[in-house]
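Shown next, in structure tokens, is the structure this report addresses.
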Amino acid sequence: MVRIAIAGAAGRMGRNLVKATHQNPLSELGAGSERPESSLVGVDIGELCGIGKQGIVLVDNLEQAVEQFDVIIDFTAPASTLANLALCEQHGKKLVIGTTGFTDAQRQTIEQAAKKIPIVMAPNYSVGVNLVFKLLEKAAKVMGDYCDIEIIEAHHRHKVDAPSGTAIGMGEAIAHAMGNQLSDVAVYAREGITGERSRNEIGFATIRAGDIIGEHTAMFADIGERVEITHKATDRMTFANGAVKAAIWLAEQPAGFYTMTDVLGLNDL
């Protein structure tokens, strides 16, 4: 039984992670945290998340419950995730990262830590999205040289980063399959008289509206035909169940930097 701590357990995603951990027969809830200023610190996590009293209260720092868990699942914010990364390094814990919006320097810090502890980091934990990443690699190898490639993503009004980590992941899958770095070919905004698009660029468009959980489309457009690969999420439990699956898998792994491709065994597809 893998004991899991949920960072940001009172948030939208955090509550789903608590439920997913509780429902999975191979995991159990060990701890949960919230920001120190939250009025929910000290509240029973189970009662808060609708799974019944668990005898585990929200703490303002997972250091206080470090003996109660094996793996942290963190879908919070970069600064908070890096603090939990340091805690995991210090105490030999494992870390599943669903946070997005890291700088290149912050990502390097995470990759460096993975030399000491096991870490899974992914922009999206749904099985469907990670299958889409593989499909995009194959589509890019076949169509990338002669098609215009655009990525459109939509999320709820509360999402703070753009484009989404999943959209970036889609762009990276396409760019790498074509032998490019995404930073060299990405175009994140167009306005005014932009001139004709170049053939090798990957364009991004972002929508923030209402309560959209997550929709992503990659478009390969030629003259006379267009291929679109789309994923639509309708329930956050999809991501939560995938993250718990990753935590259970990670519990048996040595130190290293892993992705959901590793967790799902998609490398050979």
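Positions of Cβ are set from backbone N, Cα and C atoms, glycine also.
Look at Swiss-Prot and you will find Gly8, Ala9, Ala10, Gly11, Arg12, Met13, Glu34, Gly98, Thr99, Thr100, Ala122, Pro123, Asn124, Tyr125 tagged as NAD(+) binding site. Within 10 Å of the C-beta atom of Ala10 (NAD(+) binding site) sit 21 other C-beta atoms, taking all shown protein chains into account.
If you look up Swiss-Prot, you'll see Arg35 marked as NADP(+) binding site, on the strength of sequence analysis. For Arg35 (NADP(+) binding site), applying a Cβ distance below 8 Å and a minimum sequence separation of six or more within one chain yields Gly8, Asp60.
Cβ neighbours within 10 Å of His155 (active site, proton donor/acceptor), excluding its own Cβ and spanning all shown chains: 25. Per Swiss-Prot, the feature active site, proton donor/acceptor maps to His155.
Every protein chain considered, the tally of other Cβ atoms within 10 Å of the Cβ of Thr166 ((S)-2,3,4,5-tetrahydrodipicolinate binding site) stands at 27. What Swiss-Prot lists as (S)-2,3,4,5-tetrahydrodipicolinate binding site is His156, Gly165, Thr166.
Close to Lys159 (active site, proton donor) in the fold, though at least 6 residues off in sequence, lie Arg208, each with a CB less than 8 Å from its CB. Mapped onto three states, the DSSP output places Lys159 (active site, proton donor) in coil. Residues or ranges marked as active site, proton donor by Swiss-Prot: Lys159.
The Cβ of His156 ((S)-2,3,4,5-tetrahydrodipicolinate binding site) has Arg208, Ala209, Gly210, Asp211, Ile212, Ile213 as same-chain neighbours under 8 Å, each 6 or more residues away in sequence. DSSP classifies Arg35 (NADP(+) binding site) as coil under the three-state reduction. Geometry remark: Gly165 ((S)-2,3,4,5-tetrahydrodipicolinate binding site) versus Asn124 (NAD(+) binding site), CA distance 7 Å.
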